[in-house]
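K.L.:
Structure in structure tokens, see below.
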Amino acid sequence: MPNDAVPKKNKRRLGLVFLSMCVGMLVLVVAHVSLKATDSAPFCGSCHVMSDAVVTHRMSLHAKLDCNDCHLPVNFTERMINKTIFGFHDFTAFHFSAVESPIFSSQKTKDIVQANCVRCHTESTRNVNMNSKPYCVDCHRQVPHMRTLPISKRKVGDV
């Protein structure tokens, strides 16, 4: 009998290890799919007052990029921290208070977007003097989000 107990105990441990690995894999797959889905323009446009931004992004040169390729840091840890903070802020603003229109970017968001512009366009910005205006989007706002309204109808929050 004592010899029989050892294999049962090992089988049980092996079963628990296998079950834990399956649960771990499932968690990783769900996390990956969720993180990718929440980077997309349809997701961002679904709960923000962002319909113009989503439409104009789709027509821009940056249409193949996800929203968070520009709007979040590249470093995974910083990305997750900022995604959580910004996501919670956006969720509560949308569901529990009025979302300002136009939406103004925070200083932190401006700095993140600027770092991502420079990261992707390092070669083309190597000899650019940024002394007159600190952010690429000060002059190139129309690149990721083209204007669709006539000038007389536009609300410009970042000028």
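Any Cβ shown, glycine's included, is placed from N, Cα and C.
Pasting the relevant annotations from TrEMBL:
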BINDING   C44, C47, M50  heme 1 binding site
BINDING   H62, C117, C120, H121  heme 3 binding site
BINDING   C67, N68  menaquinol binding site
BINDING   C70, H71, H145  heme 2 binding site
BINDING   C136, C139, H140  heme 4 binding site
DOMAIN    9-145  domain 'NapC/NirT cytochrome c N-terminal'
TRANSMEM  14-35  transmembrane segment
K.L.:
Considering only the binding-site residues C44, C47, C67, N68, C120, which residue has the minimal Cα-Cα separation from H145 (heme 2 binding site)?
P.N.:
C67
K.L.:
Looking at the binding-site residues C67, C70, H71, C120, C136, H140, which ones sit with their CA no more than 10 Å from the CA of M50 (heme 1 binding site)?
P.N.:
none
K.L.:
Please report the distance from the Cα of C120 (heme 3 binding site) to the Cα of N68 (menaquinol binding site), rounded to the nearest angstrom.
P.N.:
14
K.L.:
How many whole Å apart are the CA atoms of H121 (heme 3 binding site) and H71 (heme 2 binding site)?
P.N.:
15
K.L.:
Please compute the mean pLDDT of the model over the domain 'NapC/NirT cytochrome c N-terminal' (9-145).
P.N.:
86
K.L.:
List the helix, strand and coil residue totals of the domain 'NapC/NirT cytochrome c N-terminal' (9-145) as derived from DSSP.
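P.N.:
Per-class counts: 94 helix, 0 strand, 43 coil.
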K.L.:
In whole Å, how far does the CA atom of C70 (heme 2 binding site) lie from that of C117 (heme 3 binding site)?
P.N.:
7
K.L.:
May I ask which of the binding-site residues C44, C47, C139 is closest to N68 (menaquinol binding site) if we compare their C-alpha atoms?
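P.N.:
Given the candidates C44, C47, C139, the nearest one is C44.
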K.L.:
Beyond H62, C117, C120, H121, what residues of that chain have CB atoms within 8 A of the centre of the heme 3 site's CB atoms?
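P.N.:
Leaving out the recorded residues gives C70, N116, V118, R119, C136, V143.
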K.L.:
What are the non-local neighbours of H62 (heme 3 binding site), defined as same-chain residues 6+ apart in sequence with CB under 8 A from its CB?
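P.N.:
In sequence order, the residues whose Cβ lies under 8 Å from that of H62 (heme 3 binding site) (at least 6 apart) are C70, V143, P144.
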